[in-house]
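Undergrad: First, the structure itself, so that you have it in front of you.
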Amino acid sequence: MAKKTWKKSATWMAAAAVVTGIVAGCGTSSTNSQGSTSTGAASAVNAHPSVKIAFLMPETNTSPRWEYDDRPDFIAAMKKLDPNAQVIYANAQGSEATQLQQVESAITEGAKLLVVAPVNGFAATTIVTEAAKAHVPVISYDRLIQNAKVDYYVSFNNVEVGKLQGEYIAQHTKKGGTVVMLDGAETDPNAKQFAQGAHEVLDPLFKSGKLKLGYEQYTPNWDSQQALTEMQQALTRLHNHVNAVLAANDNLAGAAIQALEQQHIKGIPVTGQDATDAGLHRIYYDGTQSMTVYKPIYEEADAAAQLAYDVITGKKPPASLVNGTVNNGATNVPSVLLQPIVVTKSNIASTVIKDGFTTWARIKNPAEQQ
Amino acid sequence: MTVNIGQAKQTQTPAARSTSVFDRLIGGEFQQLPVFLSLVLIWIVFEILNNSFLTSRNLSNLVLQMAEYGLLGVGETLILLLGEIDLSIAAVSAIGGAILAVLAGNGVNPYVAIIAGALSGTVLGLFQGFWVTVLRVPSFIVTLAGSLAFLGLLFVLIGQEGTVPIMNNTINAIAGNYLPDWLSWVLVAVALLLMVWTAVRDRAKRHQLGLPPKSAASTWTKLILSAAVMIGATVLLNAYQGVPIAGLVLIVFVVLLAWICQSTGFGRHIYAVGGNAEAARRAGINVKGVRIMVFTLAGTMAAIGGIVGASRLGAASTASGGSDLLMDSIAAAVIGGTSLFGGYGSVWNALLGALVIGSIENGMALLNAPTSTKYLVEGAILLLAVTFDTFTRMRRKQLGR
């Protein structure tokens, strides 16, 4: 046991060194006016100069997915389609200015297409105009760039995520029950779309009096500590008359459940999203959380790679792939909208387990690092 | 309560005797009066807006909600007393919580996990203190760099899930359990006896040293007020579920550090170094040692805060340790009236400051106020409280205190 722990700490140390390296690298790139941000070019798939695609991600602070999932999944999918393709990877670490610089240097390096998850969807218009000047198409990835002529958009249907959560609440809450909504970070355009979807389903019920909206709050930075405070205060304000909690993701759900347990409130529907191990544990073992919404990230990365490949090779992407449009204020952006999946106790095996997204062992003990 | 080197002698000029009650209070024993008044005002406003605010249940919530940044604020106060700043405390607290959660999740004994979590803060604090003191890099830079690097470390510790749940009952009890009523009363009684004993001993000591005694009135006011606050809080909290263990942890550390600052040589050296490092060095104080020690203490306090926070949430998360926690903790220290330029302030101020910040967050969430309003009000109150404190300090100077 002790030996195992030591081995683990050694792994941590090594990884810490890597992370420090990444942070340091980011530091130089943001101060360097020439923007030598293509440190990620190390991830080039093949040495032969071929088609170059830039994969530009927004941050690492609130979600590790960009580094751990999207990046390897996209590179793998691209390699499958064209073994000679080169992927320039860069992460803006939450800075809009850094991201613009990364876009510019990717174009300078000869990127023929940009796949961008914007730091701020509302402040990324310049990215598209810069790319248009160089005749480089832009695929908006996961977050939609607003008010600009974006070529394509690939994402899970965020409004649909909110709708699925809203529908679950509508079907499982007792008549006349009071709902608390924890919507996530106000600065995240996705959070607004989740809330929009949930409201589309629930607002008619609130209006007709079938359900009551008791409390609704955004949580800055998706910070679960703050969400816990909000839930405690919601319960105080409503004198514990709460019959359902629509939490935008699993972390918020965890915080809400912590507050509910302090007041010994059990058996009410609580939604979530992301199919985290902790969330799945609460669904399967504790029964404190009712559902989570699962978005297989590899599907998103695969779709973006397929789309990028089609655009670069001059093919028209099939209608089975580009299945909708989303208006971003400037145009109707042709979009790949992937369908999120509701996971409850009954279909864990046929979804997240079957996809290899997680394992039963990790769900059983999410705190243990495998 | 605040120790001011070289100010042992109470001025007894005719001008001082004829001043108003307010002047006497802020000039003498109760320098926290401005913050205290702000707090009372905030409570009254929130109680008017929602009558659930001053219930024992909500005050119990408040204690749990403020415990983490109270603990961080106390550590930050020590750093501010030196005239330095620590921007890494939020990140260090997240590390403390993460180490706790990961160890507990891998089946390590919970007490070992708690100690390891706290020690992680000690190590990080020592490291930064060394860098600031021996390598002479400004603390602003060292701790800014630290806050980035520690966040990186946090991601490594927590892994790609972004959250590590804590399923150990012992650990979750820190912020989930309450003291039995009888125990809380025993503790209050012991605390009161200690205070009376200290006051009596202090009087005897002053007599022995030939110093004029402090006025009996001010000693008694202080005692009666403290007793009223302690008994009142205990009655209220016991009316709900009892005194939260996290609240006790906070109080114990505040008292411990206040005692260190007021009554030990090391504590007085902190003030001396913060007031004038060169003078302190010439007086033979080990300035480097004091600095390193203070950074180490602040790191430890941050990690302990992180442990309480993780226990409250029942999880450690990569979203912890963000800028809100850092700002709240520094604000708690500063609202209390601790100077950013060193040498002036008290650990007790941080407790009051944390109460102010905690009350605003608690009240705003209770009112279901939008984030915009919350930030606006918090900013305004921070500015007003510190302005108020600046004015009273100027008044104090005019009074020759």
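Cβ atoms here come from the backbone N, Cα and C positions, even for glycine.
What TrEMBL says about a protein is an automatic prediction, not a curated fact.
Fair warning: this is a prediction, and the values are worked out from it, not measured in the lab.
As listed in TrEMBL for this protein:
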TRANSMEM  B:33-50  transmembrane segment
TRANSMEM  B:87-105  transmembrane segment
TRANSMEM  B:111-132  transmembrane segment
TRANSMEM  B:139-158  transmembrane segment
TRANSMEM  B:182-200  transmembrane segment
TRANSMEM  B:220-237  transmembrane segment
TRANSMEM  B:243-261  transmembrane segment
TRANSMEM  B:292-313  transmembrane segment
TRANSMEM  B:325-344  transmembrane segment
Undergrad: Mind checking which residues reach the transmembrane segment (B:139-158)? Cβ under 8 Å, same chain, six or more beyond either end.
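TA: Distal contacts: 79, 84-92, 94-95, 98-99, 101-102, 124, 127-128, 131-132, 164, 295, 316-318, 320-321, 326.
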Undergrad: Where else in the chain does the transmembrane segment (B:87-105) make close Cβ contacts, counting only residues six or more beyond its ends and a cut-off under 8 Å?
TA: 68, 72, 75-76, 112-114, 116-118, 120-121, 124-125, 128, 140, 143-144, 146-148, 150-151, 153-154, 157-158, 164-168, 171, 298-299, 301-307, 309-310, 315-316, 318, 320-323, 325-326, 329
Undergrad: Are there residues at least 6 beyond the ends of the transmembrane segment (B:33-50) whose Cβ is under 8 Å from a Cβ of it, and what are they?
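TA: Tertiary neighbours of the transmembrane segment (B:33-50) are 22, 25-26, 335-337, 349, 352-353, 355-356, 359-360, 363, 366-367, 381, 384-385, 388-389, 392.
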Undergrad: Could you tell me what the rest of the chain brings near the transmembrane segment (B:220-237), counting residues at least six beyond its ends with Cβ under 8 Å?
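TA: Cβ under 8 Å, 6 or more out: 29-30, 56, 59-60, 63, 178, 184-185, 188, 191-192, 195-196, 199, 243-244, 247.
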